[in-house]
Amino acid sequence: MESNALMWFRKGLRIHDNPALDHARRGATRILYPVFVLDPRYLERDPSAFSPGSARSGLNRIQFLLESLADLDKSLRRLGSRLIVLRGGDPADVVIRILREWNIGKLCYEFDTEPYGQARDARVKDFASGSGIEVFSPVSHTLFDPAHVIQKNGGKPPLTYQSFVKLAGQPAPPIGQPFSSLPPVGDVGECENVGVPTIQELGYGSLGQVEFSPFRGGESEALKRLNESLVDKEWVANFEKPKGDPSAFMKPATTVLSPYLKFGCLSSRLFYQSVQEIYTNVKRHTSPPVSLVGQLLWREFFYTVAFGTPNFDQMRGNKICKQIPWSDDDKLLASWRDGQTGFPWIDAIMVQLKQWGWMHHLARHSVACFLTRGDLFIHWEKGRDVFERLLIDSDWAINNGNWLWLSCSSFFYQYHRIYSPVTFGKKYDPTGKFIRYFLPVLKDMPKEYIYEPWTAPASVQRRANCIIGRDYPRPVVSHESASKQCRLKMGEAYALNTASRGPWAARIWRSSAGNSEKTIQLPTRARDSNRNA
């Protein structure tokens, strides 16, 4: 029997390797409605936020999403369809309404593993199932189904990369060739199709951000970037994550495909298959965890652990997270967030984040370590929130997983290994080109002082037109003494965590930020992992 079908886009903003869309078009011989619902949770303007944007997203990621939607609409139009963009509050409420009004017999959408998406989709699925509407929700945002991997591991998520890789096996290939047409779009009734809005139409026109990320959104851009990244087969074969250059910015020393994977503009299965084809045609190549395929598997690892771990995005109530009495210093947090720590390597990275919505993974390691266990001893959740807002590739599972890792709260426990805010960047970029670009106030500082401008004599500062303490801040901490104190605090916290091996034994810790006492639930010790993310 013929019925109308609804293809509900959220992530998975692509035509290629999209099982939900393929199933929707096969089951809709009459009408197919491709729909995206604007979510005020991510798009509604928040004037109180520390940067232009909504409560949860800066303008760079919002702009990337809008570009991705516009590109998806163009692709659908080439197939005889179009993207219906709706607004009106909670997306679940909007979808339930159109399921009622448009005589939908089949609802298709890509499976979402995030807690917010799970709760949203459960509401819609319950309504659809109760109304006799077929629901098809395939796993296609990841290479593997996290639930299947967890089931293979006895119902618990694997907590090391190596154990995950052994369990996961080989992913399924992407689905077949792209189709040449789609069923027509039906009457939307009283629902207003607002089309893909511009950043100005969302109410952000007067916020003063004139420059956006140089990385444009959309499936077309994703496939173009994929092809460009894979042209140099030797580079693909020899890719080794720890050897990337975090200071390369005009031509980043990585693929910059993460935002396209985050929004589903690029299929992870197509990426995986494309790299594997290159591997078969070269004499030798690197292997996981450092290889290019290894990076895709890191993504899968974090997705799986996040899916199977309650409260994965916080310290309290998270059984795999060490309970650490982090400091609470809003002034230090703001100096880090705004690129005003007085350490040019750290500040340039944070300015790049604000301007571009992206930075190299080793740069992320540097600033995350500096904020947490390296220098400032501020809670990883605070840094996570900044990354979540500003990164165009901000991904709930990966962002939280990496902050847990880099703060040595889970997965990685060698807290004595600290990224120097001075020497780490210098070994890649001794003349400071990266710093000069993103911190123009230091552009004339001699290379001898570019990483430590506070050590420059007054005469050198005057010639460089940059007086430290006036034009550029002095360091907010002494790295040598701060890192030593951080190691001591981490050691004390680890000892207390080890001592509290009973399941969820409550202890009173005195906050290192003041005299207030806090009751913190302490989990059993998580298993160590031998690799850094």
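The backbone N, Cα and C atoms fix where each Cβ goes, and this holds for glycine too.
Non-local neighbourhood of LEU296 (FAD binding site): LEU143, SER268, PHE271, TYR272, VAL275, each in the same chain, at least six residues away, with C-beta under 8 Å from its C-beta. Here TrEMBL flags 254-258, 295-302, 393-395 as FAD binding site.
Applying DSSP to the domain 'Photolyase/cryptochrome alpha/beta' (3-143) sorts its residues as follows: 59 helix, 27 strand, 55 coil. What TrEMBL records for 3-143 is domain 'Photolyase/cryptochrome alpha/beta'.
The annotation site 'Electron transfer via tryptophanyl radical' is assigned in TrEMBL to TRP326 (among others).
Marked as site 'Electron transfer via tryptophanyl radical' by TrEMBL: TRP380 (among others). Listed in sequence order, MET315, TRP326, ALA368, LEU371, THR372, TRP403, LEU404, LEU406, SER407, SER409 are the same-chain residues six or more apart from TRP380 (site 'Electron transfer via tryptophanyl radical') with CB atoms under 8 A from its CB.
According to TrEMBL, the feature site 'Electron transfer via tryptophanyl radical' maps to TRP403 (among others).
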Nonlocal neighbours by CB distance (under 8 Å) for GLU300 (FAD binding site), same chain, sequence gap 6 or more: THR142, LEU143, PHE144, PHE164, ALA168
